């Protein structure tokens, strides 16, 4: 996961062949609710014009009482064994193609793709997020915050060709699960049912976090994603993986030594390294340590804020606590904005090692 993970027509309808509705949900009137119900029953989705001129998300409008959209996951028609096969192919490619990024491998960038494709969600109108798999479109893939993620997307394309029934939203998020688990991280509960949406449903750029801000920015940014302080600190612990790249984010360096193993090292380094604020070759300020590690200002903000600091210390002292909280928070991030059927199964995948592969 790179630094940019912190800088982080008239109403129309088309028929889906799968049991899915992309629906406008009425918030106060029975009429709007009836429209939504009929749309789902007829296997249609409704959309409204995006005349937004800022980064706060789509404007409500086309349907009188509508304030947001509903992302309905289609009912499961595959079993855990089917998705385990997809998992295994991603994991095998991860294991075999290990020279990427100076032998860091593809794990961290797969986690970053899952994070970024999910992190565009806005709780105010339920737009964005992982549901529609919209990273595959130019508008989202060329968001400056997503620089470098084309490598992860290309890595996953052969998997999509072998398993064409999986949606891009499911593929991108499952790739992140593989990245965490195969790099010795915790189990990540995962549910399928995302459905690819058309290009005009791509969220606006500017929804991903910046890396050069303070604790107030971090807290306010994550409010849009509906995360509390503990979940924020847990999610940022994914920076144990990978490194920053000047050409992608404007920052340079690894967060620690074990950058392809998922541990609580991020918190230990925050507390124990001799950090100095310095300007890098791009002219951006970052915290550097004598060991060659770096922290973004938004990383360092976690020890400048008293509430965040308590949690950093807890995770530094107890990796199991970090793993438990990260698993819950990351699974929640991947599902933000999606309504799953009550009986939708939760898949828990075995690693290649656990399968003896």
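For all residues, glycine too, the Cβ spot is worked out from N, Cα and C.
The shown structure was predicted, so the numbers you read here are calculated from the model rather than taken from an experiment.
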Looking at 165-188, 189-212, 213-236, 237-260, which one is region 'Disordered' according to Swiss-Prot? 189-212
Report the same-chain neighbours of residue 255 (active site, tryptophan radical intermediate): residues 6+ apart in sequence with Cβ closer than 8 Å to its Cβ, ordered by sequence. 239, 240, 242, 243, 244, 265, 266, 269, 293, 294, 295, 299
